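**Student:** This is the feature table in TrEMBL:
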- 39-154: domain 'Serine hydroxymethyltransferase-like' (DOMAIN)
- 169-243: domain 'Serine hydroxymethyltransferase-like' (DOMAIN)
- Lys242: N6-(pyridoxal phosphate)lysine (MOD_RES)
- 314-421: domain 'Serine hydroxymethyltransferase-like' (DOMAIN)
Amino acid sequence: MAMAMALRRLASSIDKLIRLLFNGGSLYYMSPKQLNSPLEAVDPEIANTIEHEKARQWKVIDEGLGVLLLHKCGLQLIPSENFTSVSVMQAVGSVMTNTVRYIDMAQSLCQKRALEAFRLDPAKWGVNVQPLSSANFQVYTGLLKPHDRIMAHDRIIVGIYPLDIRCESQLEKSATLFRPKLIVAGASAYARLYDYARIRKVCDKQKAILLADMAHISGLVAAGVIPSPFEYADVVTTTTHKSSALVYMVCDKQKAILLADMAHISGLVAAGVIPSPFEYADVVTTTTHKSLRGPRGAMIFFRKGVKEINKQGKEATTPEYRAYQEQVLSNCSRFAQTLVEKGYEIVSGGTENHLVLVNLKNKGIDGSRVEKVLESVHIAANKNTVPGDVSAMVPGGIRMGTPALTSRGFVEEDFAKVAEFFDASVKLAVKIKAETKGTKLKDFLAVQSAPHFQSEITKLRHEVEAYAKQFPTVGFEKESMKYKD
């Protein structure tokens, strides 16, 4: 009896404390009102943060984060970035986030559309649209055993992933020496097309799995404007906007496949505390969000998901989408041509996709310094390693692409103008370097801040802004912004 009374008193005390902590019980008793209130009323701090992000995307540089993402008044040339459509934003922010009752329906539709987008036979291909990231890692953990070898690109040569894929004899020689279990065909700064048939022959000779990572080119593949890896690859991974991930796996209809899903036990299997399915299964799948990394919990925030992939899958099958991707290629070709005419060296001699990799060494400048000048005039691009570099800290190149500006309506002549802006920025960087006595980047930046250089930077920035403002924006309009100026 005494225990029961003590528990009631404790419960009463806790209830009073909760009411006091949450402003007289407003959180507890007024949750329906709060749930139906706009973000500005419920969480003005987050709402204000979003408004600041709008302002940053509209025009300014966030020097504290070292990030440049320009929406209206600048030029976005980072090849792995693009503008998300309003319809995709609406799908991501819909009531589907509340429950999972209809998520299976959305996921099935998403899988159907993903296969249709790449013109795949459902009898031969399956697709997993659940990964929000780490798709390649899931392939590695699902198909490889400890100590199996993976062969991929040399970062110094072509981007994130050793060898020039076009050098067929070198590829075969390296594979013979290394004996990989899996070969990755995919990169972030490779401006040429892959010879998937040749890579397939090498994989067959080594009895290796061919993983095609088409994250950077999947839009072009979906539109049918560049060759598809699906005819030759065992597994294909991609993203929809450098955030969500898809995994495609080929199925042999004539052969039964033992599929072992160890999503909930992968961490225990990796630790060796329970039996492994690898000895008996043909394919093992897993995830990184359950026992391997921890529970999902109730607070996973993500930019893209099943709903976003679903919407983009539908967009990718339209004639308009193919026309857009054709324009991306045409713009990039003209961009590269204009740069060559201005004396720039393009790695591999040109481009066959959406990006160009410029070797700046013949200009006497490096990518880090040019990147900083580009930022100051509101042009977003990436410093990048090029052949001959010994360090990624001071790379000799700049990586640029055409998707984002094509989304805003830029055509070939516009990219000829963009090349002029880039050339002016490089020449300015060379002038600043000539007056810099130290060898470190901070010495360069100190000279760049000198009044006479700031005057030139301001003039060029205004020219860039004036040109960029002619084109429409994607995602939001200035009228919806809190910080317009």
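For all residues, glycine too, the Cβ spot is worked out from N, Cα and C.
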**Student:** So how many of the residues in the domain 'Serine hydroxymethyltransferase-like' (169-243) end up helix, strand or coil by DSSP?
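**Tutor:** Grouping H, G, I as helix and E, B as strand yields 27 helix, 14 strand, 34 coil.
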**Student:** Just give the helix, strand and coil counts over the domain 'Serine hydroxymethyltransferase-like' (314-421), going by DSSP.
**Tutor:** 56 helix, 17 strand, 35 coil
**Student:** Over the domain 'Serine hydroxymethyltransferase-like' (39-154), work out the mean pLDDT and round it to an integer.
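**Tutor:** Taking every residue of the domain 'Serine hydroxymethyltransferase-like' (39-154) together, the mean pLDDT is 76.
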**Student:** According to DSSP, how is the domain 'Serine hydroxymethyltransferase-like' (39-154) divided among helix, strand and coil residues?
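**Tutor:** Once the DSSP states are binned, the domain 'Serine hydroxymethyltransferase-like' (39-154) shows 53 helix, 10 strand, 53 coil.
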